[in-house]
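Input: a single structure, listed below in structure tokens.
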Amino acid sequence: MAPTMRKSHPLLKIINGSFIDLPSPANLWAWWNFGSLLGVCLVAQIVTGLFLAMHYTADTSLAFSSIAHICRDVNNGWLLRNLHANGASFFFICIYFHIGRGLYYGSYLYKETWNIGVILLFLVMATAFVGYVLPWGQMSFWGATVITNLLSAAPYIGSDLVQWIWGGFSVDNATLTRFFTFHFILPFIIAAASMIHLLFLHQTGSSNPTGLNSNLDKVSFHPYFSYKDLFGFVIMLGALASLSTFAPNLLGDPDNFTPANPLVTPPHIKPEWYFLFAYAILRSIPNKLGGVLALLLSIMVLFRMPIIHTSKLRSLMFRPIAKTFFWALIANTAILTWIGGQPGEDPFITIGQIASGLYFLIFVLLIPSLGLLENKLLKI
């Protein structure tokens, strides 16, 4: 019998092993869709971004008007711009659900896959930050100034580092040009890192909701999960299209419709909604260096998850006490997101400090101690 081409061709057999004949646990459900949704988001962002880059001008005197030109004069430019801006929000919605699922079902015990995933999160955040500067509106300019200025908190090299990133003594033309360069190249680095992420995942196979070994009960990825993922694509792309056409500016900041002016500070400088939880943690510490370290640690704490897992059970499905504190962490992160969007005054600062303390308390102390407690209660 002639060999099947998808199993014998050097290139097709890699695709076949990753997306067609891949043995997958039979009990995966909707929470496992978000990895593929992130792939769709990345492709959508690269495609819309390439078309926008054809018409965008990375110059302080032309950037804002080039965005207006895209929206007014370019054929379907308004749609491209709205899809790209709101696509970033959907990207972060999917990435946070993906991380949440990993925390809930113990996916972080696949250490290499998890660590590459956290690096990917940093890359996506960096891409979103430099991208937000490109329209050169008020919030773009002041957001770039405030966030890059945080690097001056680094001992000895801080002020030199900031000027090196700015390309001068303030956020100006050189800054915008290099930020555009980074925004263009980073998605391709993310795509390469995503392939490494998948490579490590396929070494171990996917986890499943029970956290048990699923080698006895596996099905091929296609057609079962490929169609399930396709259903997710339709829902997400439908939601993205609806938001981009009916309420395109819902998640944006009104200040960004004003051209950047270094002489006028906006009344309340804040990043996009997906960074607000980290911004609230940064703002909750009065010391500049302490705030920057807390900001970094709020994401880097994810690297510790495989180390601080003390439970003999993998998934939270069978851990009622730890499950309660997982949802407390989700609620706490939602409170931090709300606080990050509020003015820097009481009672918001106090609430932010309490929520920031709880955030680190859950990660650093409660997760390992609850694992040990449950082992003792279950006598395992």
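Backbone N, Cα and C define each Cβ position, glycine as well.
Just so it is clear, the model here is predicted, and its values are computed rather than measured.
Within the chain carrying the transmembrane segment (34-54), a Cβ under 8 angstroms from the stretch's Cβ atoms is held by residues 70, 77, 80-81, 83-84, 87-88, 90-91, 94-95, 97-98, 101, 183-184, 187-188, 190-191, 194, 229, 232-233, 236-237, 240, all 6 or more beyond its ends. Among the features that Swiss-Prot reports, transmembrane segment is placed at 34-54 (among others), with the record citing similarity to another entry.
If you look up Swiss-Prot, you'll see 78-99 (among others) marked as transmembrane segment. Residues of the same chain lying 6 or more positions beyond the ends of the transmembrane segment (78-99) and with a Cβ under 8 Å from any Cβ of it are 31, 34-35, 37-38, 41-42, 44-45, 48-49, 51-52, 67, 70-72, 117, 121, 124, 128, 131, 236, 239-241, 243-245, 248, 251-252, 272-274, 302.
Annotation source Swiss-Prot lists heme b b562 binding site at His84, His183, citing similarity to another entry. Residues near His183 (heme b b562 binding site) in space but far in sequence (CB under 8 A, at least 6 apart, same chain), listed by position: Gly49, Thr127, Val130, Gly131, Leu134.
Taken from Swiss-Prot, the feature heme b b566 binding site applies to His98, His197, supported by similarity to another entry. Cβ environment of His98 (heme b b566 binding site): Phe34, Gly35, Leu38, Gly117 lie under 8 Å away, each six or more residues apart in the same chain. Taken residue by residue with DSSP, His98 (heme b b566 binding site) is part of a helix.
What Swiss-Prot records for 114-134 (among others) is transmembrane segment, and it gives similarity to another entry as the kind of evidence. With a threshold of 8 Å between CB atoms, the same-chain residues lying at least 6 positions outside the transmembrane segment (114-134) that come near it are 56, 58, 63, 88, 91-92, 95, 98-99, 102, 107-108, 140-141, 143-144, 147, 175-176, 179-180, 182-183, 186-187, 189-190, 193-194, 196-197, 200, 271-272, 274-275, 299-300, 302-303, 305-306.
Listed by sequence, the residues of this chain that lie at least six past the ends of the transmembrane segment (179-199) yet keep a Cβ under 8 A from its Cβ atoms are 18, 38-39, 42, 45-46, 49, 53, 56, 58, 113, 116-117, 119-120, 123-124, 126-127, 130-131, 133-134, 144. As annotated by Swiss-Prot, transmembrane segment applies to 179-199 (among others), with the evidence given as similarity to another entry.
His202 (ubiquinone binding site) falls within a helical segment according to DSSP. Swiss-Prot lists His202 with the feature ubiquinone binding site.
As annotated by Swiss-Prot, transmembrane segment applies to 227-247 (among others).
If you look up Swiss-Prot, you'll see 289-309 (among others) marked as transmembrane segment, on the strength of similarity to another entry.
Here Swiss-Prot flags 321-341 (among others) as transmembrane segment, drawing on similarity to another entry.
Taken from Swiss-Prot, the feature transmembrane segment covers 348-368 (among others).
Just so you know, of the binding-site residues His84, His197, His202, the Cβ with the fewest other Cβ atoms around it within 10 Å is the one at His202. Cα to Cα, His197 (heme b b566 binding site) and His84 (heme b b562 binding site) are separated by 24 Å. Counting only the Cα atoms, the space from His202 (ubiquinone binding site) to His84 (heme b b562 binding site) is about 30 angstrom. Sequence-remote contacts of a segment are chain residues at least 6 beyond its ends whose Cβ falls under 8 Å from one of its Cβ atoms, and for the transmembrane segment (348-368) they are 280-281, 283-285, 294, 297-298, 301, 304-305, 308-310, 322, 325, 328-329, 332-333, 335-336, 339-340, 342.
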